[in-house]
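Pulled from TrEMBL, these are the features on record:
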type	residues	note
ACT_SITE	180	active site, proton acceptor
MOD_RES	180	N6-(pyridoxal phosphate)lysine
Ligand SMILES: *Cc1c(COP(=O)(O)O)cnc(C)c1O
């Protein structure tokens with residue numbers, strides 16, 4: 001926590017706004033709008049997963065539809081497609097940002113259109129905070145008139161040619177889960193380009209109650225609004241977001257300065273115009289064996305590290321799902337490692353991590 005979270009939470013208690021609405025919810029939404037550069041409308045929600053679910057719902061995704069989704073991601077990017085009775089089609093990554101490959105995406109779109117299954121939406125992800133190739137993705141999406149849901153759950157504070165991540169797609173998704181760069185313990189947001197869409201999202205997120213004195217419903221609703229207590233934590237966290245981004249970027253800088261001399265360790269560099277919040281510092285090693293050697297040596301010293309996300313097209317739960325692959329995400333899964341990346345890592349802790357890694361034989 002940054003410091004002023006408790007003040008906002010106390011205000012919620014003192015004024016008895018213990019509900020999924022109130023001054024902190026409005027204040028948090030305004031803070032996010034301002035941070036993202038205005039011109040957008042934020043709906044604070046109970047999770048990023050809920051935000052993706054509502055985004056797809058707002059785009060009219062329903063039973064039998066197909067939705068293109070980046071394969072190299074966390075399962076929460078894809079699960080809401082299934083909630084709606086639609087089918088994901090997984091797309092592999094390119095090597096420059098590790099995110100959805102524009103080339104493969106266009107191949108997939110052409111293939112699906114040929115089979116009378118034009119995709120209803122695209123879910124692209126700024127994985128680990130690195131922006132995806134937004135210009136290329138948007139260009140193709142516009143060419144075929146398919147809306148883009150921008151999963152920016154890991155990328156609050158990242159930028160693409162000075163535009164903030166969260167504002168690059170037709171609808172943007174943020175997460176404030178406990179593991180993200182800032183947190184409300186649990187929470188999320190849907191970013192839209194019009195007040196109308198935001199109001200529609202809030203309507204669906206609060207049980208879709210029509211205006212009447214009694215409870216009248218002409219739509220199926222959800223209970224996805226963020227609590228005013230948790231939004232208070234969010235307001236405090238927004239005050240320290242830029243500090244957190246600096247801390248995470250410094251972690252990356254330190255790891256890179258100390259490890260890039262080894263031929264077997266590769267870092268994910270920022271292409272020109274890309275600015276990553278470096279939510280997690282990831283390395284790609286030369287082989288599965290090297291990755292495991294490093295991971296197990298760290299574990300032996302009580303330091304947790306983790307393989308990169310296992311691609312969705314390799315997950316048992318999605319084993320029968322159509323996918324367009326090129327081997328990039330599978331290779332990253334086999335050889336990649338997430339290093340400890342907390343915003344509160346101390347210099348002596350970072351030194352300890354390096355000391356263990358550099359002792360790995362044959363780096
Ligand atoms: C965390 C995360 C989500 C889901 O957000 P929650 O708030 O945890 O529901 C979605 N996509 C990605 C890429 C994530 O990392």
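We number each residue from 1, going along the chain as drawn.
Just so you know, glycine gets a Cβ as well, placed from its N, Cα and C.
Unlike curated records, TrEMBL annotations are generated automatically.
Within 10 Å of the C-beta atom of residue 180 (active site, proton acceptor) sit 22 other C-beta atoms, taking all shown protein chains into account.
Residue 180 (active site, proton acceptor) falls outside any helix or strand according to DSSP and counts as coil.
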